[in-house]
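Database features, via TrEMBL:
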- L26, C27, G28, K38, D89, D118: GTP binding site (BINDING)
- D118: Mg(2+) binding site (BINDING)
- 23-175: domain 'MobA-like NTP transferase' (DOMAIN)
Amino acid sequence: MRAPTIRPSNNYFFMEMSELDSAAVLCGGRGRRMGSDKGLLLMDDRPFIEIITVKLLGHFSEVLVVLRDTQQARAYRGVLDDRVRILTDELPGTGPLGGIYTALGSISGDAALFLPCDAPLVTDEFLLNVKECFRRLGGSCDALVPWGDDGPEPLHAVYSARVRGTVEALLSRNKRKVGTLIESINSCRIAAISLDPTLQSFRNFNRPEDLRI
């Protein structure tokens, strides 16, 4: 994949001063490889989704969780802080890209950081560095995408609300890969290791054996 370029902004003040205040966690998957809802898996006796959202609430004024339906929402409501907003997919069955579409239509700000529900090891350093990158680059990019040795991390990325129309257009053509989105917009590439030198923030849990840490 050709590396995206970072283009200078025409609005230097916006680029320097904009704050990233919204974050969304995508939890609509059925966790078939894991065999259960990954957001409700336990680490140190706490659900993944609780660990992630509590961490986010320390850095963001608006935290959303996107779920697939009202049944899943009922299961999550009891483990989430009252400050967390619960959304259900506007376009059911469209995967993570549909979750991004739903969240971008509900955030109060110009952009949001997105995380998957199976990333309970996300660090404060990662979140602070993402916010700093947004202050510097947010005005010149449609997305800030961490990039590692294995390629992009599109589910640990920041997306501008202005790409919602592009997401809708992709879904209307049955294109559901988030990678297709970052190729279709002005995505700025950020070295993953510069956001979290340990790379633990990007560690996912997809199978039962992954839980042995």
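Cβ coordinates are placed from backbone N, Cα and C, and glycine is handled just like the others.
Annotated features taken from TrEMBL, shown on the structure.
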residue	record	DSSP (3 states)
L26	GTP binding site	strand
K38	GTP binding site	helix
D89	GTP binding site	coil
D118	GTP binding site	coil
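The most densely surrounded of the binding-site residues D89, D118, judged by C-beta neighbours within 10 angstroms, is D118. Within 10 Å of the Cβ of G28 (GTP binding site) there are 23 other Cβ atoms, across all protein chains. Neighbour count (other Cβ atoms within 10 Å of the Cβ, all protein chains): 26 for L26 (GTP binding site). Within the set of binding-site residues (C27, K38), the lowest number of other Cβ atoms found within 10 Å of a Cβ is recorded at K38.
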